[in-house]
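Enquirer: Not my notes, these are from TrEMBL:
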type	residues	note
REGION	44-69	region 'Disordered'
DOMAIN	101-385	domain 'Protein kinase'
BINDING	LYS134	ATP binding site
Amino acid sequence: MPCCWFSVCNNNQRRKQVAGPSSSLQSNNCTRSCVRRAERQVIVPTNSSSSDDPTASIPTSNSHWSGSVSSEKSIPQLYEEKAHNLRQFTLKELKFATYDFSKLLKIGEGGFGSVYKGFVKNQDGKEEEVVAIKRLNPNGLQGHKQWLAEVQFLGVVEHMNLVKLIGFCTADTESGPQRLLVYEFMPNKTLDDHLFNKAYTPLPWHLRLNIALGAAEGLLYLHEGLEVQVIYRDFKASNVLLDQEFRPKLSDFGLAREGPTGNQTHVSTAVMGTQGYAAPDYIETGHLTVKSDVWSFGVVLYEILTGRRSVEKKRPKNEQKLLDWVKRYPPGSAHFTKIIDPRLENKYSMNGAKEIAQLANFCLSKSAKDRPKMSEVVDVLSRVVTYEEIDGEEEPHRQSSEIEEDSETESEFDLELQSVRRRMMHLAKLRESTGVIAKGRLALISKVGVSL
């Protein structure tokens with residue numbers, strides 16, 4: 001049975017499984033459980049029973065990675081080779097780092113447990129660094145197996161656009177087993193926060209493009225940069241964390257899994273993901289490929305372009321589904337600018353915006369085989385970010401709606417002018433008639449000899 005890996009969750013979104021219950025997410029490097037359990041038990045080494053053992057070893061069972069053998073090595077085997085830089089913290093160290101897990105430092109919470117902002121000494125022990133510490137709830141949704149899988153996966157990957165795992169802690173206490181993970185801290189929260197929360201300053205155009213490019217490069221690394229192909233399966237704005245410089249880093253790999261192998265074209269699996277982001281072909285068939293991630297990326301491109309979520313129930317009925325709404329204003333139409341996020345205040349590249357929309361449409365192709373590879377997506381975005389013009393307020397072609405409004409204004413003016421002319425002509429005729437009558441009266445008076 002295929003299994004999920006791990007999560008770094010956001011509480012603004014909700015995952016849904018077909019014919020199954022949904023589970024809430026939590027924000028800022030939070031984690032949630034794998035939603036499916038492996039049939040085989042992970043072997044836990046006997047030397048991990050120490051009450052506070054910083055050197056407790058990590059098992060390398062393949063039960064979490066049974067989906068792919070695209071390389072000769074599995075994730076656990078790669079972990080054994082590459083995970084030499086992970087720090088092993090004691091529980092005492094992490095209690096000290098969080099002021100004994102103070103509620104004031106809690107930055108996220110979910111069925112998996114809680115996430116705290118903490119302060120730990122760096123590797124050489126000279127300076128403190130800010131970290132995010134996930135403390136697993138022993139009775140929560142994420143079990144020990146998934147925790148181990150998370151350590152193994154993050155111990156393997158290394159990319160500037162993936163969230164970094166600094167270390168871990170495992171200890172047995174009187175209150176039960178303690179499992180903790182220590183991540184780099186992401187101070188600027190998520191792309192979701194900056195696109196949709198009006199309390200945040202709007203992201204400028206070029207920053208949006210660079211975030212999209214960085215996220216695309218993170219996906220490309222998962223698809224093609226590892227010895228094992230990885231399908232993310234839950235790409236969305238809330239899973240794109242932003243560091244101090246607003247560099248994007250993908251998080252929340254709880255639904256990710258290894259891709260197809262050999263001559264296989266897809267992985268057959270239970271349909272998992274977030275409503276509004278999962279590819280329709282995957283929902284219908286359960287066939288998972290890297291092109292499922294590409295479809296999700298297309299949705300987020302439109303969110304970046306419009307400042308709207310994929311689904312917004314509070315909008316008018318014909319605008320609630322983002323992808324249906326943007327179809328009414330294709331990039332080649334005179335109405336295209338209606339979809340651009342008004343918070344940009346027209347400060348964007350018109351050509352760039354059109355290319356982004358065209359790329360999004362390409363990613364959203366109905367047939368998975370017609371969607372681009374992430375390498376192609378990266379190529380397009382790399383070109384678009386070089387466009388320096390900010391000409392959104394100077395669109396070369398006026399929208400037909402504006403022309404129609406002008407025409408209506410001109411027509412109203414013409415009608416009013418014609419009305420004034422008619423009234424003036426009527427008054428002139430009245431004056432003329434009045435003059436004729438007056439002359440007739442004077443002639444009659446003169447004839448009868450009446451003096452005035």
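In case you wondered, yes, glycine gets a Cβ from its N, Cα and C as well.
The structure displayed is predicted, hence computed values, not measured ones.
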Enquirer: Which state, by DSSP, holds LYS134 (ATP binding site): helix, strand or coil?
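Expert: Going by the DSSP assignment, LYS134 (ATP binding site) falls within a strand, counted as strand.
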Enquirer: Taking only the residues in the domain 'Protein kinase' (101-385), give me the average pLDDT of this model.
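Expert: Taking every residue in the domain 'Protein kinase' (101-385) and averaging pLDDT yields 90.
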Enquirer: What is the number of other Cβ atoms found within 10 Å of the Cβ of LYS134 (ATP binding site)?
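Expert: Other Cβ atoms within 10 Å of LYS134 (ATP binding site): 29.
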